[in-house]
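Undergrad: My structure is below; once you've seen it, I'll send some questions.
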Amino acid sequence: MNSTLFSKVENHSIHYNASENSPLLAFENDDCHLPLAVIFTLALAYGAVIILGVSGNLALIIIILKQKEMRNVTNILIVNLSFSDLLVAVMCLPFTFVYTLMDHWVFGETMCKLNPFVQCVSITVSIFSLVLIAVERHQLIINPRGWRPNNRHAYIGITVIWVLAVASSLPFVIYQILTDEPFQNVSLAAFKDKYVCFDKFPSDSHRLSYTTLLLVLQYFGPLCFIFICYFKIYIRLKRRNNMMDKIRDSKYRSSETKRINIMLLSIVVAFAVCWLPLTIFNTVFDWNHQIIATCNHNLLFLLCHLTAMISTCVNPIFYGFLNKNFQRDLQFFFNFCDFRSRDDDYETIAMSTMHTDVSKTSLKQASPVAFKKISMNDNEKV
């Protein structure tokens, strides 16, 4: 996105439409202006995503950290995922939106480098957190008697993820620059002391190599691995359902398994769908930016970027809709009440990885053996 502006300004004559009292850049054709109604709608949409992303992920993090009973491998990874989403909602969303509309950077050199860096780090952390969750689910369901990750493994995995994310995102810090070069040949006073922020790699081949690597590392590679894991989980759960048909209360377990299956894939599918438009947009622009009409670029980018940023709201939405325990805790959170252990209120579904559980985020379906243990202890807690 940032490099697009440079080529756009470089190849078009610029004029300032003072009659509209707008700081937005206008090019040869007034059609390049986004209508005020569109800008207002986009601003409302971005504002809603920021509010929901910040409040939802913050509530999710606080609730899980407040409840010691919820500190298991999956929830630790969910907190990590929510933290990266929270970071993007605060550090990237507002700046990218304003920059795309204004077509010049007003937030200084530090934010110029931090904005793409944080976003790149976040998507790497998010996708590999989902990978670790898939690995944990796979081990607990496919190979319950084999190696199973514990909380210590989760913390080690998170550390490795952040190191990998920071390392893979460093080129943005190195090659992202703040410059007035596109405006140097513009004589209008309106563009004096205006700067743009974009990545300037040593060559196009370097940039293409890096962006292609990110495409594989951050999207296609991890998602393929995740879907393979969950496909194997689905097959195993389907076979288990057939066995449960012969067991008492199989109807209850079947409905719980169905809900858990939805939870297993919901966040992953939402992540893949949300990021797909921006991934396609960036790939097309990197390889042949002339395909995208100049006047359509900003609007198209904002729509794709907004769709991707909706992924920052996915965690609290799915967590809340599919987890009654989270809904109860959320009521306590907004009522400023203490987070106390409520054994009688919680669903009797094993959550801890010590119970050979089967699930994705806050809900886990216990094995038949675990169900027997649960029935013997009504105070077992999610």
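The chain as shown is numbered from 1 upward.
Each Cβ is built from the backbone N, Cα and C atoms, and glycine gets one as well.
What Swiss-Prot lists as topological domain 'Extracellular' is 1-33, 97-115, 175-210, 281-298. According to Swiss-Prot, the N-linked glycosylation site annotation covers Asn2, Asn11, Asn17, on the basis of sequence analysis. Residues or ranges marked as transmembrane segment in Swiss-Prot: 34-54, 76-96, 116-136, 154-174, 211-231, 260-280, 299-319. Summarising the annotation, Swiss-Prot assigns disulfide bond to Cys112-Cys197 and lists sequence analysis as the type of evidence. Here Swiss-Prot flags Cys337 as S-palmitoyl cysteine. Positions annotated as phosphoserine by Swiss-Prot: Ser367, Ser375.
Set these features in their place in the structure for me.
TA: Model confidence over the topological domain 'Extracellular' (1-33) stands at 40, taken as the mean pLDDT rounded to a whole number.
Long-range contacts of the transmembrane segment (34-54) within the same chain: residues 24, 85-86, 88-90, 93-94, 97, 101, 298-299, 302, 306, 309-310, 312-313, 316-317, each at least 6 residues beyond the stretch ends and with a Cβ under 8 Å from a Cβ of the stretch.
If you look at the transmembrane segment (76-96), the same-chain residues 6 or more away from its ends with a CB under 8 A from one of its CBs are 1, 46, 49-50, 53-54, 57-58, 60-61, 64-65, 107, 111, 114-115, 118-119, 121-122, 125-126, 129-130, 132-133, 136, 151, 154-155, 157-158, 161, 267, 305, 309, 311-316, 319, 361-362.
There are 23 other Cβ atoms within 10 Å of the Cβ belonging to Cys112 (disulfide bond).
Sequence-distant contacts of the transmembrane segment (116-136) (same chain, at least 6 residues past either end, Cβ-Cβ under 8 Å): 2, 73-74, 77-78, 80-81, 84-85, 87-88, 91-92, 96, 148-149, 154, 157-158, 161-162, 164-166, 168-170, 172-173, 176, 199, 214, 217-219, 222-223, 225-226, 229-230, 267-268, 271, 275, 311, 353, 360-361.
Within the chain carrying the transmembrane segment (299-319), a Cβ under 8 angstroms from the stretch's Cβ atoms is held by residues 1, 4, 34, 38, 42, 45-46, 49, 52-53, 56-57, 59-60, 78, 81-82, 85-86, 88-89, 92-93, 96-97, 100-101, 126, 263, 266-267, 270-271, 274-275, 277-278, 280-281, 292, 326, 361-362, all 6 or more beyond its ends.
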Undergrad: Can you see whether DSSP assigns Cys112 (disulfide bond) to helix, strand or coil?
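TA: Once the DSSP labels are grouped into three classes, Cys112 (disulfide bond) ends up as helix.
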Undergrad: Could you check what DSSP calls Cys197 (disulfide bond) once collapsed to helix, strand or coil?
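TA: SS state of Cys197 (disulfide bond) = strand.
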